[in-house]
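Engineer: This is the structure I want to talk about, given as structure tokens.
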Amino acid sequence: MWSGRSSFTSLVVGVFVVYVVHTCWVMYGIVYTRPCSGHGRCIQPYLAQRPKLQLSVYTTTRSNLGSENNVDLVLNVEDFDVESKFERTVNVSVPKKTRNNGTLYAYVFLHHAGVLPWNDAKQVHLVSPLTTYMVPRPEEVSLLAGGPAAQQIEAEKRPTSALDEPVSHWRPRLTLNVMVDNFVFDGASLPADVQRYMKMIQLGKTVQYLPILFIDQLSNRVKDLMVINRSSTELPLTVSYDKISLGRLRFWIHMQDAVYSLQQFGFSEKDADEVKGIFVDTNLYFLALTFFVAAFHLLFDFLAFKNDISFWKKKKSMIGMSTKAVLWRCFSTVVIFLFLLDEQTSLPVLVPAGIGAAIELWKVKKALKMTVIWRGLWPTFQFGTYSESERRTEEYDAQAMKYLSYLLYPLCIGGAIYSLLNIKYKSWYSWLINSFVNGVYAFGFLFMLPQLFVNYKMKSVAHLPWKAFTYKAFNTFIDDVFAFIITMPTSHRLACFRDDVVFLVYLYQRWLYPVDKSRVNEFGESYEDTPQRKPHTD
């Protein structure tokens, strides 16, 4: 049996290693481009001639631009230097069609200085929507005082169905890049990702590619979007420019395609935005480290869930285990899952929380020795009996909870009242979930104390699932890294560091109360070594 479990774990680890190596090879293929070896099919860079260029940005309500009619010039950068970084904010006139839930497009031209883009055969251009459709985020108000009178009147006029309808939002940022590497491409093996951004011309006997213009869509974040009202005649637009290398350009193209694919597979704008934030707000080298950390996090998540389920599946007795701690973990994980769901947290955080909540519900059934009997549509619950040793454990458990209740209940009630008076929420449900989860996060470590107290009274930690604890500890330290990378509520960040402290206390107890290898444990295993127990003073 042991061999079967070991083989399965080895298989999972082996698949994980192959996946990591394959991903590294794919990433290398993305950022590395083979240069031309010198034969006649080389494609030279037009920028190597240092032409005088001009950058022009126009806006229009049409997705296809045939002429210069019905366009507004919003930015004109004469004597444009591709090596110089800049950022400028301009006011854009919003047409009536756009204010009525229409779309507005930005046309970005890179052309020769002093020549209109429509008259320049060597111009390059890209189009990008300046608006997007999204359901507006519910406004937060004080639940006791209510919102401002104007907000309440506007909300009453708005039909209920309109609250869930997507409306036009303004993208206040337009990020531009030009690839500045004087790279000579091999015409026989052009990268497909870059080729769709390339425009080539014939100059004499050589083929040259015009400057590669790129619009960074990953920089458009949901948190920056502005709802377009019918009174919005002008809106600000920040146009920023920076040069980009070929390797980074190819990586960015692939990331944009990946985000687009997520949206095509049904990911919401919010979930796709969380993925964008990882790439935009993080250094690329740190991002590579994050990938490996995330991969190991998924592996340890799987191994922790597997060993935890295996431990509880075999467990027939609750000797040495705090039932109150099991009930608390179940309550806290369910509340945390509902809280993360209400906060629209990213899927990498939400999915493991949901799986953990389901496992904790199953563990409560095991801890209470509960049997569910279905009689038609109505379930009947039967509870098993406890042995003398289990009842003694329950006494220690109840004693620890009695002391904790004197501190816990006043703090939780006081915190809920304070947040109701001073913090704005979307709804009463949001306040209730936030109050529960703040109690879970802020005082959750107190509910871990009953198990520590039971360990102290029994002078043993042999009854704990140490394999699952070890994998969870690895993930706790990984969560400390993710707390600064992935978007999550502040209270969830603090909880990551709280778990570090608790695990260190468990390690201290494991050192203080070594496993008695001379006795048979609950799995029927025994060892020959005689333990050297360290002295302990009550």
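Cβ atoms here come from the backbone N, Cα and C positions, even for glycine.
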Engineer: Do Swiss-Prot's topology records have Arg62 and Tyr425 sharing one side of the membrane?
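Structural biologist: Opposite sides, per Swiss-Prot.
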Engineer: Could you tell me which of these glycosylation sites, Asn91, Asn101, has the greatest number of Cβ atoms within 10 Å of its own Cβ?
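Structural biologist: Output for this query is Asn101.
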Engineer: In the same chain, who gets a Cβ under 8 Å from the transmembrane segment (11-31) while lying at least 6 residues past its ends?
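Structural biologist: For the transmembrane segment (11-31), the nonlocal Cβ contacts are 193, 247-248, 250-251, 254, 288, 291-292, 295, 299, 302-303.
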Engineer: Rounded to a whole number, how many Å is the Cα of Asn101 (N-linked glycosylation site) away from the Cα of Asn91 (N-linked glycosylation site)?
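Structural biologist: With the alpha carbons as reference points, the distance is 19 Å.
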